[in-house]
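Visitor: Take this structure, written in structure tokens, and hold onto it; I'll ask about it next.
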Amino acid sequence: MELPVASDGVDLAAYRPRVPLSVPNGKETPVRFNESGYYHCYGDRNSVASHGSVAQTGYETLDTPPHYDFYANSEAWGRRRRFRPSLYQLYANPGDDSRPPMYEETTGEQMEGGDSSEEDEDRQKDPPPEPTRFGWVQGVMIRCMLNIWGVILYLRLPWITAQAGIGLTWVIILLSSLITGITGLSTSAIATNGKVKGGGTYFLISRSLGPELGGSIGLIFAFANAVAVAMHTVGFAETVTDLMRENGAVMVDRTNDIRIIGIITVTCLLGISMAGMAWESKAQILFFLVIMVSFASYIVGTIIPASPQKQAKGFFSYKADIFAANFVPCWRGPEGSFFGMFSIFFPSATGILAGANISGDLKNPTVAIPRGTLMAIFWTTISYLIISATIGSCVVRDASGILNDTLSSSSSSETCVGTACQYGWDFSECIKNSTCTYGISNFYQSMGMVSAFAPLITAGIFGATLSSALACLVSAPKVFQCLCKDKLYPLIGFFGKGYGKNDEPLRAYLLTYIIAACFILIAELNTIAPIISNFFLCSYSLINFSCFHASITNSPGWRPSFRFYSKWLSLLGAVCCVVIMFLLTWWAALIAFGVVFFLLGYTLYKKLVGLNNVEDHVKNYRPQCLVLTGPPSSRPALVDLVSCFTKSLSLMMCGNVIIVMSSDSHVTWLNQRKVKSFYRGVVATELRSGVSMLLQGAGLGRIKPNVLLMGFKTDWCSDTPQAAHNYIGILNDAFDLQYGVCMLRIREGLDISQPSQAHVNQGFDGAPDSINTTSAPACIQTSITCIVCKPSTVFQKKQGKKTIDIYWLSDDGGLTLLLPYLLTRRKRWARCKVRVFVGGDTDKKEEQKEEVLALIKKFRLGFHDVEVLPDIYQNPQPGNVHQFENMVGRFRLDTNPKLDSDSGPPRQQEEPWMITDQDLERNKAKTHRQIRLNEVLQDYSREAALIVITMPVGRRGVCPSTLFLAWLDFLSRDLRPPVLLVRGNQENVLTFYCQ
């Protein structure tokens, strides 16, 4: 390939990457790379792609800037999806036809994904049909409010007010709302920890706490929703039966009439739900409007003066004496206790997850679920408080309903019993005989009696009960379907099959219908409600615990965009739920937790048995660090930096290559420095072979390092070329083993040990490769590892309001962003401002900035400062180019074709670190890029607390090791802040999904 050459060098603008974050539907003109099909230039006449080459020479880079497609799980319609190049494709010799090393996990899709034919593109001319999606109002808030405003609101809240009094009823309502509010905050945090798909509650818990706990609670929650269908349907059937009895229509008896009407009703609801989400959502809106009209009718009814008929039934409009009498409790019957009333009321507050349960049908679940759920909890709590206060201020507890029970002049007011005596009514006889049929203690339909137009309350009961039943009938199958698809438990996979464009779980609908029908046969609302309470409380306790667990473990994958939650508040919510469960019904609580622990034990056993088949997941990624410290006490800055990433979070292992075995106490030094790290020493004749042993043998099973950290070799120019070659060889070995690699350089150097011990290999950082036998300082002689010396490093100091500058120039899977994020979670770095720098074009600077900001926002890292740097593509200053040439001058190889032909094998094969003129010419663009980047770092990051920059990659057989080391040296030279060069293993460590 002929490179564009300026008069004094290479024009870097010709090598500017042209990969936009979003590409319209059209044809691209990619550079062709025979082994892969990855592209780095698209249709620009100034790019390398425009020079007419038909094969990739390997002198350019396949390294690509950040791109949305690299992290997306799905392909956008109308354009071909791009794939990030693998490590092997970046650094392998393009002339080497061998396959990737055995450690390389490159899928066939990646290797062939870029070669899709035009026939495939033309095959699908029309976009696929979009399934029905809902916003936060219709999809979450209205759905949750309808599910909360269930049968209890109309048929039991007045009765609970009579039993507990207005004061304790408010306590019951507020306690229920406290539990659901805390659970709503926890749910919001979990739901915003990435893009949410279908599966609702089960999906949220299983993807945050693991499928083991999520599976057990998901099964219980689905069952609780199925039983809730029965509860709401029985409430509806109870109302219909009472209306029939008022008009003299009786089929069998009250209980059997409720059963018959309930079965017919749930069958009709099944037909609506199976018709699809669009029909179900339209029905929900209709129910919502009906309920709002019924509320208005009730409020107006409390204001209208009471007629004699209503007074006979206990309604006297707003009276202070009635409020005072009804403010205190009056317990009656077997349920007459605070927790008895709580167990009956609590199911009316359990609809808060109705929106989350259809997360797969929401347009933007991460916004809709928090906003809709919390608004629903707020407004329904207000409505419960208002209704309990108003009904308790207007209606007495006991009334006969007989118009003749007035207080006559002949009867004595002293013998009259009850608050109604003050208003000219005498209900003493029915109160004494406990035969009163009206009043809020006896008449479940009191809200209808109070309202301005009773049929509207009946319509509201129908709307509330049917909408809640419908919401539960939709939620239970959705949760159960997701559970079935994960195949956690045997024999349930049959119910996971979906149908239609919305993947409707018709089989799970039928199962829910059967469960609901069985509980409808109980036909007693006060019996069904406490059963549901325990299961919902169990669900809420585990949702809160999952939020607490994810927060307290400091998982890197736990980055919710919803900030208004507290891990301790979540723990309080979990504990409250458990305590209340046992206070309500201790044996039911034991059964519920027994089922949870049985299912949990089964899933853990199944996971343990199949542990070798469990794949690592990006959501659970943690940087497990192997740190080439030598004796840890000799490089405390490297130890302190890595400790900031891994402390109380993940694995840290200090590695040391030893020439001669000796007794040491490195672990003691680590413990005294309060660094949580393992120490691993290996005996080897030279550094590279020893590090190779560490790379392959460190860790146990899946608990093994995945990131290699090492210090920069500052003395490579004065050391032997073989030492520099072996140093770069360590990087290549790490890449072969799919490690991410980080390299730290600080201005004062990492190695604080003066002439070091004879038994330590000197190749780690800036020391001769030969063995030094000089005696150690006195403090080192005492304990070999200088335990008494505890020098402070920059990574132990509070950084204040400085900046952490990230130069995210190439996409390596996200490790370049993740490590600074973990650093900012430490107190001493928390106040630092993170700035992200990316390359770009001058004329599209703002557009590219918004695109990168949108991508980073999806990762939920909290980075808001992005700067596009077009000047990184300018040519470097000639003086700096000259300094670079002097730096590598020692390793230049003067090629003479005559001598080469006469002297057998070329000298470069014997000394692969030597640099030919052809090597310099081929790599001139990359060389100038590193020189220019150093100039940019000097301009923008001179006062930063830390510079994190993507490490370039040199190709084997194309870039000699000394030339590559010169790139790294010049890129990071003469900088006051520490410089961390990072190169991930090209696999995602960040995701914007909730799984």
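Cβ coordinates come from backbone N, Cα and C, glycine included.
Pasting the relevant annotations from TrEMBL:
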- 49-115: domain 'Amino acid permease N-terminal' (DOMAIN)
- 91-132: region 'Disordered' (REGION)
- 134-155: transmembrane segment (TRANSMEM)
- 139-621: domain 'Amino acid permease/ SLC12A' (DOMAIN)
- 167-193: transmembrane segment (TRANSMEM)
- 213-237: transmembrane segment (TRANSMEM)
- 258-279: transmembrane segment (TRANSMEM)
- 285-306: transmembrane segment (TRANSMEM)
- 338-356: transmembrane segment (TRANSMEM)
- 376-396: transmembrane segment (TRANSMEM)
- 452-476: transmembrane segment (TRANSMEM)
- 506-523: transmembrane segment (TRANSMEM)
- 572-600: transmembrane segment (TRANSMEM)
- 635-759: domain 'SLC12A transporter C-terminal' (DOMAIN)
- 787-994: domain 'SLC12A transporter C-terminal' (DOMAIN)
Visitor: Sort out the residues at least 6 away from either end of the transmembrane segment (213-237), same chain, that have Cβ-Cβ distances under 8 Å to it, and list them.
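Guide: Residues packing against the transmembrane segment (213-237) from afar: 150-152, 154-155, 199, 201-207, 257-262, 265-266, 269, 347, 350, 353, 357, 461-462, 464-466, 468-469, 472-473, 475-477, 479-480, 482-483, 486, 488-489, 511-512, 515-520, 522-525, 528-529, 531-532, 535-536, 538-539, 542-543, 546, 592, 595-600, 603.
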Visitor: Counting each residue once, how many in the domain 'SLC12A transporter C-terminal' (635-759) are helix, strand and coil under DSSP?
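Guide: Helix, strand, coil within the domain 'SLC12A transporter C-terminal' (635-759): 45 helix, 26 strand, 54 coil.
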Visitor: Spell out yes or no: are there three or more C-beta pairs under 8 angstroms between the transmembrane segment (285-306) and the transmembrane segment (376-396), with each pair 6 or more apart in sequence?
Guide: yes
Visitor: Take the transmembrane segment (134-155) and find every residue of the same chain, 6 or more past its ends, with a Cβ under 8 Å from one of its Cβ atoms.
Guide: 231-232, 234-236, 238-239, 277, 281, 284-285, 287-288, 291, 344-345, 347-356, 358, 361-364, 367-369, 371-373, 375-377, 379-380, 383-384, 387, 444-445, 447-448, 457, 460-461, 463-465, 467-468, 471-472, 525, 529
Visitor: Would you say the transmembrane segment (506-523) and the transmembrane segment (376-396) are in contact under the rule of three or more C-beta pairs closer than 8 Å, pairs 6 or more apart in sequence?
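Guide: Counting Cβ pairs under 8 Å (6 or more apart in sequence), the transmembrane segment (376-396) does not reach the transmembrane segment (506-523), since there are fewer than 3.
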Visitor: What stretch, picked from 167-193, 338-356, 452-476, 506-523, has the most CB pairs under 8 A with the transmembrane segment (572-600)?
Guide: 167-193
Visitor: Apart from its near flanks, which chain residues at least 6 from the ends of the transmembrane segment (506-523) lie with a Cβ under 8 angstroms of it?
Guide: 222-223, 225-227, 229-231, 233-234, 237, 255-256, 258-259, 262-263, 266-267, 270, 273-274, 473, 476-478, 480-481, 484, 494-499
Visitor: Which bits of the chain, at least 6 residues beyond where the transmembrane segment (338-356) starts or stops, bring a Cβ under 8 A of a Cβ in it?
Guide: 136, 139-141, 143-153, 156-157, 160, 163-164, 168-169, 171-173, 175-177, 179-180, 183-184, 187, 191, 200-201, 204, 221, 224, 228, 231, 329, 362, 365, 368-369, 372-373, 376-377, 380, 384, 468, 471-472, 475, 526, 529-530, 532-533, 536-537, 539, 580, 583-585
Visitor: Same chain only, please: residues at least 6 beyond the ends of the transmembrane segment (167-193) with a C-beta under 8 Å from a C-beta of the stretch. Say none if there are none.
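Guide: Apart from its flanks, the transmembrane segment (167-193) reaches 157, 160-161, 204-205, 208, 327-329, 338, 341-342, 345-346, 348-350, 352-353, 356, 359, 365-366, 369-370, 373-374, 377, 381, 384-385, 388-389, 392, 537, 540, 543-544, 546-548, 550, 557-562, 564-566, 569-570, 572-573, 576-577, 580, 860, 994.
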